[in-house]
Each structure stands twice: as C-alpha cells, then as structure tokens.
Amino acid sequence: MDMFSLGQGNNTTTSLEPFGTGGNDTGLSNVTFSYQVITSLLLGTLIFCAVLGNACVVAAIALERSLQNVANYLIGSLAVTDLMVSVLVLPMAALYQVLNKWTLGQVTCDLFIALDVLCCTSSILHLCAIALDRYWAITDPIDYVNKRTPRRAAALISLTWLIGFLISIPPMLGWRTPEDRSNPNECTISKDHGYTIYSTFGAFYIPLLLMLVLYGRIFRAARFRIRKTVKKVEKKGAGTSFGTSSAPPPKKSLNGQPGSGDCRRSAENRAVGTPCANGAVRQGEDDATLEVIEVHRVGNSKGHLPLPSESGATSYVPACLERKNERTAEAKRKMALARERKTVKTLGIIMGTFILCWLPFFIVALVLPFCESSCHMPELLGAIINWLGYSNSLLNPVIYAYFNKDFQNAFKKIIKCKFCR
C-alpha cells in the first residue's frame, strides 16, 4: 500500500516520498537501464502471479457449487479486492518504481493514492471479517448456523469498503499539508500528523489488535473442544471397564496375541452362577435384572459377559478389551494433539504472513512523519518495505484458498477445463 511511500527528500532529510523518489540526484534517482530491466521483471512477475492467483479463486467460487457458502463468499470478496489491488494499483506503482519519478500528473496521482489506500485497507479489513466469521462459527456453532447468511456476509463486506472509503477520501477533501503537492515528480499521500495517526490506526493497528484477539480466542476454543472430545472418549473407554481382575491375563495364541476364545473363557470363568442364555436378559436368583454384553469369537460361536446387577454383583471385562480401549484412547489423544498442532500452524501462518507483510510498512509510516528532520530511511529499504506490503495481495489467495482441499479440487477442474464441457 503506497499510503506512505519512503524516499529521499529535496534536502538531506528523509521524507515520505514514493519508492525513494526525490528532487535531488542521490541514491536511486539516477536509475540505470539494468535496474529498470531487473525491477520490471521482478515486479511484473509479482503482479502477474497476484492477478492469476486471485482470478483463480474468484473463478473457483463462481463455477464450483460446493464452494458457494458464506465463509467462501468472504474469501471470494478478499480475492476480488486483491485483484483490484493487482490490476488498478500495482501497475502504476511499478511504473513509479521503475522510472523513479511520477510522470502521470497530479490528478492521476490523487486517483492512484485514493485507490491504493481504499483497496489495501479493504483487503486488510477483509482479513478481520474472515477472522470474525471464524470466531463466531467456532464459539457459537449452533446459533451461528442460522445467523451465517449471505446477507450477513454482504454486511461485513460492505463495512470493510465503507471504512476503506472513510480512510482514503479525507486527503482529497483537504486533509493534507501544502508540501504534499510541491514537487510534480512526486506522488505522496498527506503527511499531516493527524491524518497519519487516523489512517495508520484505522487501516492496520486496530485491525491487527482485533485479529490477534479473535485468533487467540479461536485457538483457545478449538483446543478446549479438542480436549473435551478426548475426555469423552476416555470416559467411554473407562465406562466399559466396570471392574478389575485379579485373575491372570488371558493366554496368548500362537502368534503372540490374546486369543478371542481366551477372552470368552476368562469372562465365563469369572461369571460363576450368573443366569444368562443366548444373549438374552434373564432374571437372577436375587430377582435383579442383568444387562448382557456379547463378546464375539473370531469364529461363529459367541460367549456372553454379564454386567453388575443393581444388587452389587461383580463382573469383569477381559483384559484384551481393556487393552483395546487403552489403544483407542491413546490413538484419540494422538489425533487430538495432531489437530491442535495443525490449528497452531494454520493460525501462525495467517497471522505471521499478515504481520510480516504489513508491520514494517506501518511502523515506518507512523514514525517518519514525526521525525522527518532527524530520521533517515535508505531508499532501497523503503522500496522493499513498500512492495512487501503489496505482496500480501499475492499471498492471501495462497493462505486462504490454496491450502483448502475443496479449492484445490476446483483449481484442478479449471486447469483441466472441466467447467468448459
């Protein structure tokens, strides 16, 4: 986002001029042909990949019915926004970077800055809308099913564009300094201190704080739900083990594994005198009703395992079943840990990419206007920070769509032209 571009000013101090462009002939002002060729290739590749990636996401949602849901509508709107950044903003930004001076006039400059701020701010706020939708879905899944409507998604999308509009328009209405238009070779946004605070906090710092809070709560809720599921499984396993046995463990078969017949004999030996026939429920001598569970052999025959009666009669679960329950519980625990690690990894990628792309830019954008006379920003570093922010429009479709198996299947269909048939 070229909200606050960085570069060398007309004197030895640093100002917020785009991509290192300034009125003097230091640094990158006298660009070489090789610099222009290399920069054109790099930026052209970035723009092409951003356009292609976001266009594929939009096409996948439009053509694949299984992707047409509220969550993916937000991802599709994000792709449209990033596509607008790639088509409307990045070509002019690349031209400015390659030529190292603004050549399109003041009116085009104002339009360029307004589109830049509007689209990039909306892109960032779309990430907040997606985080908010996911937070509601995981913390209130039952009620939110009915609330998660296309109308709600449209309201969130409209809000992102409204906030972007409120941040991008003020400089065009006069919230700027006289120096902002003093050099026709430069295209800079307002360096007014009030607008700097207003725009940086509205476009980044407040959304960043909101995303950190939301994804933190999403992680806690997901971890709680995963561990709750594991506890239920463990309780179920414990619920089938109604007693412990002092009898020796069942004998092993020739292959070293507990035999099914041994399980049956172990159960029968312990259930002395318990009336039971053919898996049916029958009255005991003490007139208490017994619940019967069947333990099957590998073969066709089957034995019967009585459970405790209300009068306190004691029975036992074969050791082989207890070990099976333990193995099942252990497998569930491992699956839960894997899901928890995957959740941490996914949220880490989402937040890590967003912070890596935009935090350096907005730190400089907030600090430089207040220390213009004493701060120095190398021109090359300023250009890298600028384009690092722009690259977020390339990475968003990768993070939010290409890691999704449903999107992957849709992309394969697009590549194979199955939608054309």
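Any Cβ shown, glycine's included, is placed from N, Cα and C.
Look at Swiss-Prot and you will find 1-38, 99-107, 175-193, 371-378 tagged as topological domain 'Extracellular'. The N-linked glycosylation site annotation in Swiss-Prot covers Asn10, Asn11, Asn24, Asn30. Per Swiss-Prot, the feature transmembrane segment maps to 39-59, 74-98, 108-132, 153-174, 194-216, 347-370, 379-403. According to Swiss-Prot, the disulfide bond annotation covers Cys109-Cys187. Annotation comment: Swiss-Prot describes Asp116, Cys120 as serotonin binding site, evidence class similarity to another entry. If you look up Swiss-Prot, you'll see 237-268 marked as region 'Disordered'. What Swiss-Prot records for Thr314, Lys345, Thr346, Gly352, Phe403, Asn404, Lys405 is 1D-myo-inositol 4-phosphate binding site, and it gives similarity to another entry as the kind of evidence. Per Swiss-Prot, the feature motif 'NPxxY motif' maps to 396-400; the stated evidence is similarity to another entry.
Annotated features, which come from Swiss-Prot, shown on the structure.
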{"residue": "Cys109", "record": "disulfide bond", "contacts (Cβ under 8 Å, 6+ apart)": "Trp102, Cys187"}
{"residue": "Lys345", "record": "1D-myo-inositol 4-phosphate binding site", "contacts (Cβ under 8 Å, 6+ apart)": "none"}
{"residue": "Thr346", "record": "1D-myo-inositol 4-phosphate binding site", "contacts (Cβ under 8 Å, 6+ apart)": "Phe403"}
{"residue": "Gly352", "record": "1D-myo-inositol 4-phosphate binding site", "contacts (Cβ under 8 Å, 6+ apart)": "none"}
{"residue": "Asn404", "record": "1D-myo-inositol 4-phosphate binding site", "contacts (Cβ under 8 Å, 6+ apart)": "none"}
{"residue": "Lys405", "record": "1D-myo-inositol 4-phosphate binding site", "contacts (Cβ under 8 Å, 6+ apart)": "none"}
Contact call for the transmembrane segment (39-59) against the transmembrane segment (379-403), three or more Cβ pairs under 8 Å: yes
Positions whose Cβ lies under 8 angstroms from the motif 'NPxxY motif' (396-400), at least six residues beyond its ends: 53-54, 56-57, 75, 78-79, 82, 123, 127, 130, 349-350, 353
Cβ-Cβ neighbours of Cys120 (serotonin binding site) (radius 10 Å): 29
The topological domain 'Extracellular' (99-107): DSSP-derived helix, strand, coil residue counts: 3 helix, 0 strand, 6 coil
Contact between the transmembrane segment (194-216) and the transmembrane segment (108-132) (at least 3 Cβ pairs under 8 Å, separation 6+): yes
Neighbouring C-beta atoms (10 Å sphere around the C-beta of Asp116 (serotonin binding site)): 25
Three-state composition of the topological domain 'Extracellular' (175-193), taking helix and strand from DSSP: 5 helix, 0 strand, 14 coil
For the topological domain 'Extracellular' (371-378), the number of residues DSSP places in helix, strand and coil: 0 helix, 0 strand, 8 coil
Candidates Cys187, Phe403: member of the recorded positions with the richest Cβ shell (10 Å): Cys187
